[in-house]
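Participant: In case it's useful when we look at the structure, here is the feature table from Swiss-Prot:
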BINDING   Tyr158, Arg159, Ser207, Gly239, Ala240, Arg265, His336  thiamine diphosphate binding site
MOD_RES   Lys356  N6-succinyllysine
MOD_RES   Lys380  N6-succinyllysine
REGION    33-52  region 'Disordered'
TRANSIT   1-45  transit peptide
Amino acid sequence: MAVAIAAARVWRLNRGLSQAALLLLRQPGARGLARSHPPRQQQQFSSLDDKPQFPGASAEFIDKLEFIQPNVISGIPIYRVMDRQGQIINPSEDPHLPKEKVLKLYKSMTLLNTMDRILYESQRQGRISFYMTNYGEEGTHVGSAAALDNTDLVFGQYREAGVLMYRDYPLELFMAQCYGNISDLGKGRQMPVHYGCKERHFVTISSPLATQIPQAVGAAYAAKRANANRVVICYFGEGAASEGDAHAGFNFAATLECPIIFFCRNNGYAISTPTSEQYRGDGIAARGPGYGIMSIRVDGNDVFAVYNATKEARRRAVAENQPFLIEAMTYRIGHHSTSDDSSAYRSVDEVNYWDKQDHPISRLRHYLLSQGWWDEEQEKAWRKQSRRKVMEAFEQAERKPKPNPNLLFSDVYQEMPAQLRKQQESLARHLQTYGEHYPLDHFDK
């Protein structure tokens, strides 16, 4: 009996935070476990009424030795709004977005898809050095971006180009970054797809996994201290969630009560490592309650489910100063990057299922068609127009020179120190002597 009671309490803890999905998040007075608690008043009890007084946990004593089995805890449910045919399942969960906003969602997703195809092929042709596509995960980017304020700070990993796309980041700057030309905001110093834009509150991407998580928590803590009325959103994958930085960030956010949304894209693979080898527990959302973080699991291929969850998490994170964890279940249809061949670790049939049967773009297109907001002629015209827009930006980026080599030494110090100036002069002498061995005509003078 004691075993059953203990197991039921653990089960209720996990289910209680996600069973009702957004209904729970919408409770106006509810607070996550991250809230600070007043010191517990020590009381005297008789031996017959002995209750735990430990300050580190809320629990009861039991008198039988038993370890809690992980399989006793049911999986956190997956919240969704639309089925795979684009039909609203529960009318009360319909976000009732206006036609213009839904069309922007769709056009952002399809434009991103078109850009991915062109830049992937350009890398295969040797025109750029590296690329990472977003196939199959467009709904997680755009659905979450649409639910944020434009001033909310974004910390991405390396597969969130759709967030910038939704914030109207110009195609010319996407291309400039991948080509590393003179129009690149980062002046050619980053790998391709490592975007950043101060004006759109998108922090420059860093390659090392999960380093952005504690950084994002620090930014959220600063926003809280400044009463900035903004949220920080931090994107990462289920593989990055295994890094130590993720665990430190979760605990930091909970104990300091930071207005942050942890957004995990669980796409099934961390490069070649499947989720079955990545963790043994119930995914990433199940970790939230252990840190005292309000958590939810959503269908990442349902752009409306992603929108609703992010919208509500944002509202409460700002109003109540507490962190939220969203695990968006999706699938990485493309290779991890142009350096990867995913056929070595997964089947073509597996990929085709997600591409043909459960793609976020197809699901939203079904919704648009059912509403009478889109038709086949508009689809053909938009596909043609979007490809033309991407190709124009692509050709423009290809014609522009690379940044001047002297920019290697700028933007670190307000005034260049003597040692750095010495290195700059050394490079200039080297290029003057051996310039014929370098493609200097490709660089800005």
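Yeah, the Cβs are placed from backbone N, Cα and C, and that goes for glycine too.
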Participant: Determine the Cβ neighbour count for Gly239 (thiamine diphosphate binding site): the number of other Cβ atoms within 10 Å of its Cβ.
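Facilitator: Result for Gly239 (thiamine diphosphate binding site): 22 other Cβ atoms within 10 Å.
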Participant: Just counting, how many other CB atoms are there within 10 A of the CB of Lys356 (N6-succinyllysine)?
Facilitator: 10
Participant: Can you give me the Cα-Cα distance between Lys356 (N6-succinyllysine) and Arg265 (thiamine diphosphate binding site) in Å, rounded to a whole number?
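Facilitator: Cα to Cα, Lys356 (N6-succinyllysine) and Arg265 (thiamine diphosphate binding site) are separated by 20 Å.
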Participant: Relative to the Cβ position of Tyr158 (thiamine diphosphate binding site), how many further Cβ atoms are located within 10 Å?
Facilitator: 22
Participant: Sequence gap of 6 or more, Cβ distance under 8 Å: name the residues on the same chain that satisfy this around Arg265 (thiamine diphosphate binding site), in order along the sequence.
Facilitator: Glu137, Thr140, Gln157, Arg159, Tyr235, Phe236, Gly237, Glu238, Gly300, Ala328, Thr330
Participant: Sorry to bug you, but what's the C-alpha spacing from Lys380 (N6-succinyllysine) to Gly239 (thiamine diphosphate binding site), rounded to the closest Å?
Facilitator: 37
Participant: Among the recorded positions listed here, Arg159, His336, Lys380, which has the most company in the form of other Cβ atoms within 10 Å of its Cβ?
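Facilitator: In terms of Cβ crowding, the pick is Arg159.
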Participant: Would you measure the largest Cα separation among Tyr158, Arg159, Ser207, Gly239, Ala240, Arg265, His336 for the thiamine diphosphate site and round it to whole Å?
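Facilitator: Comparing all Cα pairs, the maximum is 17 Å.
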Participant: Which one, from the binding-site residues Ser207, Ala240, has the smallest tally of other C-beta atoms lying within 10 Å of its C-beta?
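Facilitator: Fewest other Cβ atoms within 10 Å, among the binding-site residues Ser207, Ala240, is found for Ser207.
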Participant: Specify the secondary structure state of Ala240 (thiamine diphosphate binding site) as given by DSSP, simplified to three classes.
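Facilitator: DSSP call for Ala240 (thiamine diphosphate binding site): helix.
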